[in-house]
Amino acid sequence: MGLGTTTVPTNILPQFGLHRTHLNPIRVNNSTGFSYPLSLRKNKSFDRLVCFAVDDEIREKQQQQLSTSSTRLGSAVEERPENKDMIDGISEEALENFKEDGERSAIYDFLYPSKELLPDDKEMSIFDHLEELRERIFISVLGVGGSILGCFAFSKDLVKILEAPVKSEGVRFLQLAPGEFFFTTLKVSGYCGLLLGSPIILYEIIAFIIPGLTKEERKFLGPIVLGSSVLFYAGITFSYLVLVPAALNFFVNYAEGAVESLWSIDQYFEFVLVLMFSTGLSFQVPIIQLLLGQLGLVSGDKMLSVWRYVVVGAVVAAAVVTPSTDPLTQVLLAAPLLGLYLGGAWMVKLAGR
């Protein structure tokens, strides 16, 4: 038939708000195509009814749902290009702001200098860099090795120089094991050779990194290297003249009247050499401050504002660096560390950082 119908059970009519009285049940004659109304009583023999009203209501609800979904889908499709353009605009704007901030940052300029600022810049492969690094390490090892051999030739004289701070206190040194003095002279020669060969190591490091430095950085490199070297040797000298005698005299006076001072030659030189080198390294505090100020990471005012924490940090650093546990040595090292920090902070502030 041309007319579409739907057959439904009678027990679902209340779900659509319909009752038997609202419908006009129709029976279809399949042979003639004629339909005529039936009473509900007569319809009890049939299991199903042909209900046009229910079919129309279901179809109307389905059409409403489809139209609503189509409207929402169309709105989403229309709004999508606008949202995409807006997101792309925000991303491009954020990227431009990031680039502008990076160009104004000292760290960005340090990591990505322009080619005009690199006079000796040239393209090199990773293997060329490794080859150059190998050569410079080899030269540094040769320089330090030669210095160690030279110091070993005068090892006994160096031992006497390092024994001088406590010679006047009546301290005697003993060799407690076979070959202890021989290995002690090797240790003294190694430390002294490293000290004398450090300029060669420093030169090779500078020669390796200087092609990647700008003109402004090269101007800044000279004072940094010179200041670092001066402070390192000043720290060693300060340790030999002040810290070592103070610490050793403290131990001698503390044991006076109770025990005789007979010290192991190996442990004595280990104590003295470690104290001297750790003091030289701790004197590099102003250099670190200048580097941080030059990069714009910390200002001079900020360094000066945290001086209370610096006092505590200097005492803790002195306790860690010094191999002895006496408070006198720690105070004698903490005081110059605090002075160096304050001096470095004022230098950064005067430099306009």
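Using the three backbone atoms N, Cα and C, a Cβ is placed for every residue, glycine included.
Residues or ranges marked as transit peptide in Swiss-Prot (evidence: sequence analysis): 1-50. The topological domain 'Stromal' feature in Swiss-Prot is assigned to 51-136, 214-223, 292-302. Annotation source Swiss-Prot lists compositional bias 'Low complexity' at 63-75. As annotated by Swiss-Prot, region 'Disordered' applies to 63-86. Feature annotation from Swiss-Prot assigns topological domain 'Lumenal' to 158-192, 245-270, 324-330; the stated evidence is sequence analysis.
Counted with DSSP, the topological domain 'Stromal' (292-302) comes out as 6 helix, 0 strand, 5 coil.
For the topological domain 'Lumenal' (324-330), the mean pLDDT of the prediction comes to 74. Note on the topological domain 'Lumenal' (245-270): DSSP counts are 17 helix, 3 strand, 6 coil.
Here the topological domain 'Lumenal' (158-192) has Cβ contacts under 8 Å with residues 147-149, 151-152, 240, 244-245, 248-249, 252, 261-266, 268-270, 272-273, 277 of the same chain, all six or more residues outside its ends. Mapped onto DSSP classes, the topological domain 'Lumenal' (158-192) shows 23 helix, 3 strand, 9 coil. Secondary structure by DSSP for the topological domain 'Stromal' (214-223): 9 helix, 0 strand, 1 coil.
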